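Asker: Let me give you the structure first, and then I'll get to my questions.
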Protein chains: 2
Amino acid sequence: MFESFNPTPRVLMGPGPSNVSPRVLGALARPTVGHLDPQFIGLMDEIKQLLQYAFCTKNEFTIALSAPGSAGMEACIVNLLEPNDKVIVCINGVFGNRLKESVERVGAQAIVVEDKWGTPVSVEKVADTLAAHPDAKALAFVHAETSTGTRSDAKSLCQLAKQYDVLTIVDAVTSLGGSELRVDEWGIDAIYSGSQKCLSCVPGISPVSFSDKAVETLKQRKTKVPSWFLDQSLVMDYWSGEGKRSYHHTAPVNSLYALHESLVILKQEGLEQAWQRHTQLHKTLHEGLSHLGINFLVDEAYRLPQLNSVIIPNHVNDAEVRATLLNKYNLEIGAGLGQLAGKTWRIGLMGTTAQEQNIALLLAALKDVLR
Amino acid sequence: MFESFNPTPRVLMGPGPSNVSPRVLGALARPTVGHLDPQFIGLMDEIKQLLQYAFCTKNEFTIALSAPGSAGMEACIVNLLEPNDKVIVCINGVFGNRLKESVERVGAQAIVVEDKWGTPVSVEKVADTLAAHPDAKALAFVHAETSTGTRSDAKSLCQLAKQYDVLTIVDAVTSLGGSELRVDEWGIDAIYSGSQKCLSCVPGISPVSFSDKAVETLKQRKTKVPSWFLDQSLVMDYWSGEGKRSYHHTAPVNSLYALHESLVILKQEGLEQAWQRHTQLHKTLHEGLSHLGINFLVDEAYRLPQLNSVIIPNHVNDAEVRATLLNKYNLEIGAGLGQLAGKTWRIGLMGTTAQEQNIALLLAALKDVLR
C-alpha cells in the first residue's frame, strides 16, 4: 500500500527551495554519525568558519540553527528582547509582518514603520521613528523581502540605528549568498537566513550570527529566554570552540553535511563572484521577460536579482499557468504572497538555479504557455 | 582549504542517532521539490497516515514537526499551556527536568513529582498529587527516559489523569517504534517523539500528535501561543487534508522523504514485530553483557530494550573506553548524562541498529577493551 517516494525532478524557480546540486545531495546522504562524534565537531567548526565567510563577519557566535529560517527569526527575537521592550519593526511585505507578530508574542512593543509592498523600507521614515523613540531597544527589518523581491538599504538603516545605540535585527533569508551583505561592515547585530535559498542547500536549517553586543545583551537579560529550544545561551555551549561541547539537542547531522557542502561550493566560487552571477543572470532574465511583455513589480534600483516579482499579464489565469509550467515542463515558479496573491509571480534565480539553461527553459515555456 | 566532508562510518549504539539504513539515506538524497508541490503534499498525507499507524492513533492532528524532538516537546507545552496553568511534571531523569524547564518558561506552574533516576515514575505518587491538585491542567511525563533507560507505566498514568479530566503530555522520543505505545487506547492527549531513535531516520524531525481534546484546548486559548514558529494552529493549515494548504514555513523537504521511507520500512516489518525485535535483541545483549560481568542500572521490569543503561565497572576509565571503541572499532556507545555522567554507559539498540551483528561486535569489542 505504501511505497517509496520517487519524486519527478523539478526545475525550482520559485521563492525557495532552489535546486540542490548533486554534490550537496551526495553530502546529505553520507552515513550519519553521532552529534558528539569528534568528526562531527570538526565539521561544525568548519561550518562556523564558512558561515562567517558567507556573512562577512568575525562574529564568534555564528551557527547553523537546527530549524528553518522562521525559527532563526524567532531565535533573534526571543533571545534579544524581553517583555515591554520597544522595537521598531519595518513592514514592507509578508516577512516584516512576521517579525512584528514574533515581537508581539514575546510581550515586546512593536513600533511599526510601514512601506508599500514592492518598495524598500524608507530610510527617512526610520530616521524619524528613531528620533521619536530614541529609547527603542532594537530596529528589525527585512533585507531582502521574499514576498515582493525588494532589497532595502541595510547599510544605511544600520548606520542610523548605531547613532541611537539601537540593536539591529536583520532578516537575510533571501539575501545570503545572492546579494551584497556585509554583517561587520554594516554593523548588523543579529542576522538570520535560510539554507534553501541562495545557498542551495536542502530546507530546514537557519544560519544565524550575533555580534558581541547582541551576545552581551543576551547575557544581561533579566528574564529567562521564553523558549528552551531556541535559548542561544544553551546552544552556544554546543557550538563553542573551547573544550568539551555540552549536549543541548541532537543536531540535524545530515542536513549539516549538506550545508557544509553548499558553503564549500560558495567558497570555491567566491562570494563576490556569486553575487555577480546572480546580478548578471537577473539581467538576462529581465531582458527575456521584457520581450514577452512581462513587467516587474519593483523599481530597478531596488530589485533583488535572485527573486523577481513580475506582474501577471491581464487575462491570464494565474493558477493555470503555474500548473502547466509544473506539469508540462516540470518547472516551478512561485505564486504571489499575501496582498500580492493572484497579482504577481515570483521567479527565483537562487544559488544553483541561477544558470543560463534555466532562464532559457523558463522563457521558452512561458512563451508557449502564454501564447 | 575546505574540502568535502567524508565521515568514517560508525556503528551507532549510543542514545541516538541510530544507524540510518541505505534505503533511508537513498530517499533523503532524492531531488528536492517545492514544499507546495502536489507531489510533496501527497507525501505529507502519507507521512500523516504512517505516523498514525506508528502512534496507534486516529488523531487527525498527527504531523512531523520541522525541528528536533526538543522542539516537539516545546510545541506541546507552548500550545496547550498558558501562564499560571498548573501542571504536574514527573521527573526521573534529564528529560523530565527539561519538561519542567519548558513548563516554567511559559509562565505555568510546575508541581513536581520526583523519582530516583533509574526507577519509573511512581504511579502512587502521581495519584496522590492529582488528588491534592485536582485543578491541574495537565500531567506531563516521559514514557521512555533516554537518560536512564527506564520505561514508565504510561497506560496507568494516563488512566489516572482521565479520572481528573487532566490533559496528558507524553515524551515518546525513545519509545516510538521500539516499545509498546498506544496513543488512543491509553488516552494520551499530546505526544512527541524524534526521528533519530527507533525510527532510524536522520535527526531533525519530531513526530507530534494531538487528541481532539488537545486541539480543542489549543483553539480555546485565551492568550496567543508565545511562539510563532511552534504555533500548531498555524501549522495545522499546512498539514490539513482539506483544500489548499497555506504556507507557514518551508518544510524540511528531504528530511521528510527520509522520514517517510523509515515509516514505510516500519510498516513493512509491522509495528508489533518491531517491538518484539527490540525486546528479543535486548535479551541477547543482556546475556552477553552478563558474561562480561556488566550490570544494568534499571530493574528488569522497567528496562527499555532499546536503551540499555549499564554501570561502568570499577577501575575502568569511562572516556578512554568510549574513545577506544570509537577509534579502533568505529563503534559509538553513549556516556551517562546528568547525575549519571561517569557512572553509566548508554547502549542503544534502536531501529536499524537492533541487529545481531551489532551486538556481536559490541561484545567482542568490549571484551577486548576491558580485558
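Glycine is no exception: its Cβ is also placed from the backbone N, Cα and C atoms.
Dumping what TrEMBL says about this protein:
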DOMAIN    A:32-337  domain 'Aminotransferase class V'
MOD_RES   A:LYS197  N6-(pyridoxal phosphate)lysine
BINDING   A:ARG346  substrate binding site
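Please situate the listed features within the shown structure.
Answerer: The Cβ neighbour count for A:LYS197 (N6-(pyridoxal phosphate)lysine), using a 10 Å radius and every protein chain shown, is 30.
Following the DSSP three-state reduction, the secondary structure of A:ARG346 (substrate binding site) is strand. The Cβ of A:ARG346 (substrate binding site) lies under 8 Å from the Cβ of A:GLY14, A:PRO15, A:THR146, A:SER147, A:GLY149, A:LEU307, A:ASN308, A:SER309, A:ILE333, A:GLY334, A:ALA335, A:GLY336, A:LEU337, each of these being in the same chain and 6 or more residues away along the sequence.
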Asker: Could you tell me the mean pLDDT over the domain 'Aminotransferase class V' (A:32-337), as a whole number?
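Answerer: Its mean pLDDT is 97.
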